[in-house]
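Asker: Quick one: the structure is below, and I'll ask about it shortly.
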Amino acid sequence: MIEGANEHAPEFASDRYDVDISEYNILASAQQHTAGEIIATVTATDADANDEIEYIITGGNEDNLFEIPNPLFGNIVLKDPTLIDFETTTSYALIITATDLVIPESDRRTTTTYLYISVLDENDNLPVFSNDMYTGRVDEEAPIGTSIILTIPISVTDADSLYGMETVEFEINTVGSPLPSPFLAFTLSEDGTSLTTTIAIDREEDEGVFTFQMRVVDAAGNEDTAMMTVDILDINDNAPMIQEPQGGFLIMVAENNPVNSVLVTITAEDTDLGVNAEVFFTLQGGAGYFDIGHDTGVVTQIGSLQALEPPVTFTLTVIARDSGGLSSSRDLIVNLTYSNDHAPVFESSVYSGSVAECAEDGTPISPVLTLRATDDDTDSVVSYYIESSSVGDLFQLENIGQTATIRSAGSSVFDRESRDTYTFTVYATDGIIGTDDDSATVTIFISDCNDHSPIFTQDMYEVDVPEGTASGATVIQVHTNDADIGENEEVRFNVESVSPSSFSNVFHVDPLTGGIVASVNIDNTYTGSSACSTLDDHSNNVTLTIKATDQATMQDQLSNYTTVFIRLLDRNSEAPSFVPSSFYSFEISENVDGVDLGTVEAVDECDMDSDVTFFLVSGQDSAPFEIDQDTGVIRVIAGLDREVNDFLVVQLQAVDDGTDPGPQTGHASVTINVLDENDNAPKLVRDTYDISLPENIPVSTTLISIVASDPDLDENGTISFSMQSGDSDLFMLEGSPAGSDSDHLVTKVSLDRERVSVHIVTILVSDAGSPQKNSTAVMTLTLTDVNDNVPVWTAGQGSEFEIFENVTNSLVVDLDATDRDDGLNQELVYFFVGGSQDYESFHIDRNDGTLHIARDLDYETTPEYTLNIVVSDRRAETDDDGVTPLTNSTTIHIIVTDVNDNEPYFNRCPHGYEIPETFRVGAVVGNNIKDSVEDDDSLAIRTPFYYYIDSPESEREKRELSNAHK
């Protein structure tokens, strides 16, 4: 089979691919794209047979927003659509590489294409004002369409492109505007950059400041708002208006009026602002006699009028002009009169009258109050006026010729009960400047109208009327108050109704005093129980309705009502009786409280409606109880203790509510049997025991007697003993008959302190009640030591040691032993014992067992030692207390090692040899000298021997021999 070569590279279907995707719109509820969505597919083919093609993004994907999840398919996937933002990046150019997957890799061929991704703009940005607050200004009366002068320009931005500023709309928000309809006065341009007027604004009549909300909305309804404040600037469009002075524009001046006197003060108002509202005055026609203050408006007489002959009239024109030149004028008429030498004088300095508090508007004061003042000047005209604001609008003056009358000015302003007198001053004037006005004091008394009903001091009166009350007796008195006076205050009483009706003739009311009076003698017919009464609708309670009426004229009379509740009381002649008997018996368990013990009952046979109150007679037995005074329920308020008191007797009283001759009392006894509850745990004589005893005591030895008691009864007080905890293999309770108050703890085996030195046994004492109660006693058993353990070697025993001779104070061995006993029985001592050896060469420490060489060992004297050593407890050192000390022994074998500490010596001396003089050099003189040499050291140490002749030359030879020996 011939395989073809990889002759062709893959070819894309297109050398460029284009796709559009929408940006992520954070403002939209649904998105155009999802994560993992395929946004484009590229394909490539390969002319070579069977070549697989791999697709990879090799460029333009720096933000890693796209991927090809399966490289064998050319699907390009959007990884995270939330990162696609048109305002950040409007397009992407991805380089896609296709590679055939032939083997080997070195033969693979590639090709590329481009995927151009265009990002479509979405309306995902709000239009935004550059500022939250804008301010501007415009002149009032500016023509319609005048632009507002803005402090800062109105600016709005929208980051979107297709949906940006070209699609936004501007408007003035009419919802929630702080001022009425400001949108009617202004309009925003289509591009929102200018604000113009829609009306000619009058600052004085409209508003001086307009504040409203501007709103910008894009095509998707996304919006932003900003506040706009427009100040309306004042222009001088209002002339000052002269105000009429008090007394009007007609002034009467006497011919002898002094120069520089003030005639009148003129004022003017200008509704403009600032300098436009500054007003200045001028006067025309004064003829040198009059002038006006330029700033103050005060008109004064500047020249003498004596040369003129009255009557003379001056017409003066007052001109008020503002700083802008606008003005207004009024004529001021000045009439010159003859000399005014006399002032008006009242005929009386004091006047008085009255008017009803309910008088209608304009009612004359009664009697008709006419004020009169005279003036001796010729042709003088007198007029009258009330001191300003002294009585407000309550009264009015009517000038009639030279007199005046006073009338009321309103019917709703007087209330005699609040204020019954008004005093004020009236002035008389001739109207001529230069004279004084006279005054008179007027007092008006407000007369009463019947405008208040009688008011009872109580809404309801209650009274108890006992049996035996005599006819004519006043049982209670009702009272009223009436704010009116005179006949309007006087009251008459009558009975309007009686319930029950059978008592209609039993009580009546005194019409003048309001006293409720018994019309008959009140006997048992009225006060007894229904069983004793002869009335069909008997009741011990009577209700009267009392009416009070004032004594005004018939058509003006007013009334009111109250209720009198009468309780008819029977004489109390019999005490309440307990039923069914005056002896009660109850049972109650101990230790319970807050429960009802039982109920007692008592009745008053003659007066079934009598209220009976129950009491416990105080005493020792009654302390744990209380009784409901109304129901007779006896309640346990403190738990009873049968062990303290199992039987109690409580005395009761039943007291009725009689008042005549007084309450009556009945008596009863209550016995209470207290039932036992298992409320006491068995009580041990002791809760804890600490016992010391020697180990190894005999089996079945009694260690302790446990005693307990239980004050409860029967099964609740029957106790038993048991071991709650402790080693049951070592201890047991001896066992006592049921109900016994004691038991005994005994040993089951011999105790070994070395195994356990302290035993804790808990004894449980239980009663037979339900629920069962228990107590415990904890016994701590401490075993004291008995010398029952032999010391045991733990180190150095039975050893053999080799020791060089001539060594002093050297440690041979550290012997050690232990003893499981305690105290003196545990403390050990070491010493030599027995044998024929010389122990003076050795020393053993009695306390720690260390064995040392006491003096130099001499192999030549004693080559080995056998030492017998005993370890014993310290009982061996104490006085005889009947306790035998215990010991243990061991043998230490010591071999003394020889050292060369002895010189050789000749056993016979001197040696002599005879030699002929003919001996040759080197001839043997003698050969038996070695047989006479001895050495005390061991054979291994002392051989071989070396011989030399002691001579001056022998020192050198001796050294040579010594070196050779080494």
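Glycine too: its Cβ is placed from the backbone N, Cα and C atoms.
Take a look at what TrEMBL says about it:
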- 36-129: domain 'Cadherin' (DOMAIN)
- 130-242: domain 'Cadherin' (DOMAIN)
- 245-346: domain 'Cadherin' (DOMAIN)
- 347-456: domain 'Cadherin' (DOMAIN)
- 457-578: domain 'Cadherin' (DOMAIN)
- 580-684: domain 'Cadherin' (DOMAIN)
- 685-793: domain 'Cadherin' (DOMAIN)
- 795-906: domain 'Cadherin' (DOMAIN)
Asker: Taking DSSP states H, G and I as helix and E and B as strand, how many residues of the domain 'Cadherin' (795-906) are helix, strand and coil?
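Answerer: DSSP composition of the domain 'Cadherin' (795-906): 10 helix, 48 strand, 54 coil.
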Asker: On the 0 to 100 scale, where does the mean pLDDT of the domain 'Cadherin' (347-456) fall?
Answerer: 77
Asker: Using DSSP, tally how many residues of the domain 'Cadherin' (685-793) sit in helix, strand and coil.
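Answerer: Tallied per class, the domain 'Cadherin' (685-793) gives 4 helix, 54 strand, 51 coil.
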Asker: Within the domain 'Cadherin' (347-456), how many residues are helix, strand or coil going by DSSP?
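Answerer: Helix (H, G, I), strand (E, B), coil: 0 helix, 53 strand, 57 coil.
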Asker: Mind checking how the domain 'Cadherin' (580-684) divides into helix, strand and coil residues in DSSP?
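Answerer: With helix first, then strand, then coil, the domain 'Cadherin' (580-684) has 0 helix, 50 strand, 55 coil.
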